[in-house]
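*Asks:* Okay, here's the structure, questions in a sec.
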Amino acid sequence: MAAAELTAPAQGIVTFEDVAVYFSWKEWGLLDEAQKCLYHDVMLENLTLTTSLGGSGAGDEEAPYQQSTSPQRVSQVRIPKALPSPQKTNPCEICGPVLRQILHLVEHQGTHHGQKLYTDGACRKQLQFTAYLHQHQKQHVGQKHFRSNGGRDMFLSSCTFEVSGKPFTCKEVGKDFLVRSRFLQQQAAHTRKKSNRTKSAVAFHSVKNHYNWGECVKAFSYKHVRVQHQGDLIRERSYMCSECGKSFSTSCSLSDHLRVHTSEKPYTCGECGKSYRQSSSLITHRRIHTGVRPHQCDECGKLFNRKYDLLIHQRVHTGERPYKCSECGKSFSHSSSLITHQRIHTGMRPYECSECGKSFIHSSSLITHQRVHTGTRPYMCSECGKSFSQSCHLIKHRRLHIGEGPYECSECGKLFTYRSRFFQHQRVHTGVRSHECHECGKLFSRKFDLIVHERVHTGERPYECSECGKSFTCKSYLISHWKVHTGARPYECGECGKSFTHSSTLLQHQRVHTGERPYECNECGKFFSQSSSLIRHRRSHTGERPYECSECWKSFSNHSSLVKHRRVHTGERPYECSECGKSFSQSSNLTNHQRIHSGERPYECSDCGKFFTFNSNLLKHQNVHKG
């Protein structure tokens, strides 16, 4: 029963052929030196592990337990299936001899590094390669390949490896080895002499005493688990970075890592010119241009170009959030989100703008911010040509064209394109005004409105027009003003064809056609089509005059009246008649004046049908009928 328990797991041991990867000569020619080096290291590691497991070497068609790996087979392992042609050889970079196989080259080059020749412990004969040494040793002891599971069990339970450095030393004869796989084979050669033990005895002692691995005290109940652990210990991280001290198991991994310090990015995309440190990163990037997304989610069918992205996405369906913040307990689906979140607690802002010194938590936030300095607006609306610095702003803008308003007020049914506007609107119904001006005590529903209002008292106008020098208290006023110079009126009324510079102005105008007056005064019940009109009207009840002239201290109920009044002191007359050149301080005065040239008389008397140029003239005339 114990013996069966031990041998069962071994049935799943793989051979070298199961894990080997082959290239055609055409594919092999496309690899750079670093990739060939990596392939070389990986194949040697795979060969070492399959040999330690007792699996067959390259090209072995027999079952793993029916034949051990001979030294000749190990030294003759091929790289690509198309590679072992006699015409295809590998030159030694030091002395120039041409060797037919990759592993022959490895053993040959070991002689250039001061390694010992392999010596037979019995007759002290020196041989250059371990393959020849093992062939020679068979002449002394008449060894044959072990075929019983008992022999394999004893081999696995008696091997002790030195993992502290190279070369590897056999404790039976004191012989040194350069290649790990040769060391494993030497150990197997010694254990074959002890094959008189039975499988049941091995099983009994193996169950009673768990397998222990050299200096590592970790214990295992099954051989295949122990051997896997041994493989991890064999993979010594012998390549260390001189910059940061980080170690790697292969020279290629170290080469890739060194590019972090040198900033070298040798792999460039032919489509967009973007460069990468590793060829695998370039291959993944190219899928953006080709549209290839080979990894599909079984739950929703969504496609991904990287397997890692698919694994992260699948956590949306499973609800898995394995990364937990130790500060607040919040969990995340991937580690990068946790790292970014932890910056909230530490206050770290690693991404700094080189222009203004402002720092950010996310690199994406820095990229977006830098567009303020460069003026880049990569996201353009296909309907009106307006461009935006962020994609989210373009998405919101598109709703204006399609009439989409995803945010609906439950009180009045009004739809809003932006969530912020929706929240602002809800305060109309609730009456919440939590932001108070310390100068005049006025309340505002938004802090931003309070900040803009305070500039009335301070006189601050930080936003100046580069065309005419006019300044404004908030940026939105400046943006609106710019359209005076550009003449842009992208918003057109479907009823009368009139166009407007702002969508909000169009909405207000459309109420002229619909007759809608949604804003009601709580004092007198009067309705208004615009909220600003209601606000101005309320001041007639309260007597509030928040806008004060700094010259004569006269106050006004609305800002536009103050602006008009200031022109009395400055003498400014910005509105000029194109017919006679006469200028006016108010646009309404210019409109009335232009009727003199056009002959327009829009005001009609309802009693006699007479027309007048000005409303004031009509009012005077109506007194005639009243008698």
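Think of each number as a place in line: the chain as shown, counted from 1.
Glycine is treated like the rest: Cβ placed from N, Cα and C.
Just so it is clear, the model here is predicted, and its values are computed rather than measured.
Got these off Swiss-Prot a minute ago, pasting:
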- 65-75: compositional bias 'Polar residues' (COMPBIAS)
- 14-96: domain 'KRAB' (DOMAIN)
- 55-76: region 'Disordered' (REGION)
- 90-112: zinc finger (ZN_FING)
- 239-261: zinc finger (ZN_FING)
- 295-317: zinc finger (ZN_FING)
- 323-345: zinc finger (ZN_FING)
- 351-373: zinc finger (ZN_FING)
- 379-401: zinc finger (ZN_FING)
- 407-429: zinc finger (ZN_FING)
- 435-457: zinc finger (ZN_FING)
- 491-513: zinc finger (ZN_FING)
- 547-569: zinc finger (ZN_FING)
- 575-597: zinc finger (ZN_FING)
- 603-625: zinc finger (ZN_FING)
*Asks:* Sort the residues of the zinc finger (435-457) into helix, strand and coil with DSSP and give the three counts.
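*Replies:* Summed by class, the stretch gives 11 helix, 4 strand, 8 coil.
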*Asks:* Can you work out which residues elsewhere in the same chain, 6+ from the ends of the zinc finger (603-625), have a Cβ less than 8 Å from its Cβ atoms?
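*Replies:* Residues 592, 595-596 contact the zinc finger (603-625) from elsewhere in the chain.
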*Asks:* Is it possible to list how many residues within the zinc finger (351-373) are helical, extended or coil according to DSSP?
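*Replies:* Taking each residue of the zinc finger (351-373) in turn, the totals are 11 helix, 4 strand, 8 coil.
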*Asks:* Taking residues 6+ outside the zinc finger (547-569), which of them lie with a CB under 8 Å of any CB in it?
*Replies:* 456, 459, 536, 539-540, 585-586
*Asks:* Take the zinc finger (435-457) and average the pLDDT across it for me.
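*Replies:* Computed over the zinc finger (435-457), the mean pLDDT is 86 on the 0 to 100 scale.
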